[in-house]
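A.B. asks: Straight from TrEMBL, here's the annotation block:
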REGION    202-231  region 'Disordered'
REGION    419-440  region 'Disordered'
BINDING   G665, P666, N667, M668, S669, G670, K671, S672  ATP binding site
DOMAIN    739-755  domain 'DNA mismatch repair proteins mutS family'
REGION    845-868  region 'Disordered'
REGION    880-918  region 'Disordered'
COMPBIAS  908-917  compositional bias 'Low complexity'
Amino acid sequence: MSTADRETVTGVPPGIAAAREELTPMLSQYAELCAAHEDAIVLFQVGDFYEAFCEAAEAVARVCEVTLTERSDSTGDYPMAGIPIDNAASYLEALLDAGYRVAIGDQVEDAEAASGLVDRAVTEVITPGTVVEDDLLESGTTNYVAAVTREGAAGDDRSLDPTLGLAAVDVATGECLVTSGDPGTVAEELDRIAPAEVVVGPGIDDPGRDDDDSPVGFDPAAGDPDRTVHGHDPAVFERLAAIDRLEPYVPAPERRFDGDAELRAAGAVLAYAEYTQGDDGPLEYVSRVRRYDPRDRLRLDAAAQRSLELFENRGLGASDTLFDVLDSTNCALGRRCLERWIRRPLVDAEAIRSRHDAVGELADRTLAREGIADALATAYDLERLVGRVSRGRADARDLRSLHATLAVVPELKATLAAGGEEAGDDEADDTGNAGPRTDHLRALSGRLDELAEVRELIDSAIATDPPQEITEGGVIRAGFDDDLDALRSTEREGREWIADLEASERERTGIDSLSVGHNQVHGYYIEVTDANLDRVPDDYRRRQTLKNSERYYTPALKEREEEIVGAAERADALEYELFVEVRDRVAEETERVQALADALAEVDTLASLASVAVANDYVRPEVVDDPDAGIEIEGGRHPVVERTEDSFVPNDADLPRGSIAVITGPNMSGKSTYMRAVALSVVLAQVGSFVPAQAARLPVLSRLFTRVGASDDIAGGQSTFMREMSELTEILHDAGSDSLVLLDEIGRGTATTDGRAIARAAAEFVHDELGATTLFATHYHDLTDLAAERERAFNLHFTATREDGAVTFLHRVVPGASSSSYGVEVAELAGVPAPVVERSRDLVAETDSDAESDSDAGTGLEDDDAPDAEDVSLREFLAEEEAENPPAIEPVDDPAAGSDPDSGVESPPDLGDDLPPSVAAELRDLDLARTTPIEALNALHDLQSRLENDDG
Ligand SMILES: Nc1ncnc2c1ncn2[C@@H]1O[C@H](COP(=O)(O)OP(=O)(O)OP(=O)(O)O)[C@@H](O)[C@H]1O
């Protein structure tokens, strides 16, 4: 949607603006709301529908697929489109998906009570990052809106590397995060927070603002092109405005935040959140404004999150992610907490061990895990519930859900306390309960606030199965309020009196067919058929004449009726008042409920990690708090791949701090999987989880970098190679001895000579200058020389075998470098004709010997520096194997084999020793080091068809 399209639809639609002077009062009111919400489509309540008019109506009709109608009044005809209020969610979703923000213009006074035009106001602006409607929110996810701004007032001298402030708020739960850093750090944090919407301050790129001169090299949508990015009133980004805004949320905001940029980002994001919630002042439930330093967590940038497939799988099985493997949570609270933990693994060894303690205890206690699962399965989304309570949006059912969730707390505490019995602990107290064994669970159990008063209040006040409407009675329990009970009993007695009336009047009048009824228009009546009219008593007053009967009332009936109606109306109104009072009292405990929500979330997450550890046979890693400690993993597995591979082959990793492992091996042999498995174990351990291995001894690292796979960034307009190089640049700038770096086939996206040179130089730099622990997978075989040249470099490789002519990858990592020419074997195994394979081999041998003499000349390497003697070359390995097991696929080297006259395919020419020069040249140029089997096959297939067509 272009900016121009949006302009005619949001703000005052041109069709309405043109008739502004003569509009009816209602459309004038609509125009006013539109004018006050320039960036949104205003949906205007008219009875049971939300309506839009003119150009806005056309957009609503198109996007929501509803009929475009017309409103005609004395001033003209206006296109109109409406969506039913009762069923608005899916239409709102469609509008959000189409990129619109929607301002809800509700009727804010009772239409019946209004004299003249009903008052309307925008009660909420629904935007991608601030939706609070449950129907529109995915459960268990966090939906943030973020604000980004730069240090210094707008127009200040713009340095190239300014400090940016970032603040994000989840409007549904009230969580608010604030941080700052250089553009790179903030981009990384933005990727972790993954907001649906970013509001940018002056001086940051806003795609909708043409005059912007791209002052900072920072694109708020870089990590996710679906993110909505836009500007907002620049005034809210100003320092003083921000301080004013923040004061109700945090005392002394200037002291609380680190610098101007944080202060202004926090002020702006809250201003925007308030604006979307109807601008009613501070959002009371946003009580947890937390400032954090990005350095307090293991830093994983977007590239690392993507390539390690933490939340999204780039391949086919979209659900195969680390998050899916770890997610055995029982409620939305736990799910969101787990997501936060994976996005922000810890860097404090004590805190990590403390989580491991808790996971270990729960892993040992099957009954406790089951108890937690049972209890939390009935828990509702407490954070969102309490958010609605304090926004004054909760209905009686929400309060009941809150009650049901609070009710699981004592159960949960008892489950955790039953630790002694189950774990066979001797320290059990008199009741047999030792309480949780670990400090972590004990502290957590202490944070499980039962909130008994709140629970009792809700239970005594709110009906057990209340209706959704809170204005029509039925929400307050009998016995809660004497006045209400009196009114309800008046109402009940009146109805009983009326229920008895039919019998008593029949008796009094002797009319057996007399009946008592009720309708909306006339209220209660006594109906007598025409045949009995002569027996009607004097006190009957005629109410209505029907075809064969008359309807009457009596003064006594009228009196009762008024009593009933009056009592019912007053009771409904009183119920509403009482309900709001109860809701307000619950809202006063928002902070405690939020703290409880945090504790429940943590219990759920720890139990989930424990269940996953048990189910998948993970082990507790030993966390070594020593800056020189390396990574030691015995029998490590890839947590995601092991779920889909029937027989996953575990591998060891022994990576001293600052070492660089150069990993070689055929395509598909398992290099990437191995590197990621190592990185994922580091992430898992720092999340607090156990790891998929037999044993692991891990350091605490602070950053993890990846350059894995060729990730095309078409949306970002960068070529693969550019992308690769900019990721590499970041690593070379920022990695250090506290980092783990994965480099997968660096330099692959350009000409071999350049690629090889870049890969070599990068590896040397990482080793010599950065001291980062590095796994470097490469097809450039000469990189294995690094092991001989550098103290902390060593080689690892993967091998393959063949059985019955089929190639089998062993997926086992072994020390040393692999053969460089496996590509030809793979081509041969795939059935490429023998002459082509043979010729390829010769060419490879020629290239190898050239390269060897070149490199010897260049580096002065001795023979001793050649690849490790224990290396098992795939070619040699396969040659031996082949002697014993001839391939199932026969090479097509028999001239007669293809000469089937019916096939129309000529047999290949006998090539003898000489290939046509152009084919030979192409074969020579074929860069096997950077050719995948499929590419090799395609190339060979091409060459073959040219030979067959004899036009080589
Ligand atoms: N340890 C293992 N045990 C069992 N299967 C494995 C193992 N490692 C990898 N695999 C399987 O082999 C496939 C290829 O692995 P991977 O992508 O790691 O190979 P690669 O050597 O990096 O290949 P390329 O050089 O083409 O990138 C994986 O998708 C997985 O199915």
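The backbone N, Cα and C atoms fix where each Cβ goes, glycine too.
Unlike curated entries, TrEMBL annotations are predicted automatically.
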A.B. asks: How many other Cβ atoms sit within 10 Å of the Cβ of S669 (ATP binding site)?
C.D. replies: 25
A.B. asks: By a simple count of other Cβ atoms within 10 Å, which of G665, P666, G670, the binding-site residues in the record, is least packed?
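C.D. replies: Selected from the binding-site residues G665, P666, G670 on minimum Cβ neighbours within 10 Å: P666.
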A.B. asks: Per DSSP, what is the residue tally for the domain 'DNA mismatch repair proteins mutS family' (739-755) in helix, strand and coil?
C.D. replies: 4 helix, 6 strand, 7 coil
A.B. asks: Counting across all protein chains shown, how many other Cβ atoms sit within 10 Å of the Cβ of K671 (ATP binding site)?
C.D. replies: 26
A.B. asks: Across all chains shown, how many C-beta atoms besides its own are within 10 angstroms of the C-beta of N667 (ATP binding site)?
C.D. replies: 17
A.B. asks: Count the other Cβ atoms sitting within 10 Å of the Cβ of S672 (ATP binding site), across every protein chain shown.
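C.D. replies: A 10 Å sphere around the Cβ of S672 (ATP binding site) contains 20 other Cβ atoms.
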A.B. asks: Please list, in sequence order, every residue of the chain apart from G665, P666, N667, M668, S669, G670, K671, S672 whose Cβ lies within 8 Å of the Cβ centroid of the ATP site.
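C.D. replies: Sorted by sequence, the hits are F798, F809.
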A.B. asks: Are any of the binding-site residues P666, N667, S669, S672 near ligand 1, with a Cβ under 6 Å from it, and if so which?
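C.D. replies: Cβ < 6 Å from ligand 1, in sequence order: N667, S669, S672.
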A.B. asks: Neighbour count, 10 Å Cβ-Cβ cut-off, for M668 (ATP binding site): what number do you get?
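C.D. replies: There are 16 such Cβ atoms around M668 (ATP binding site).
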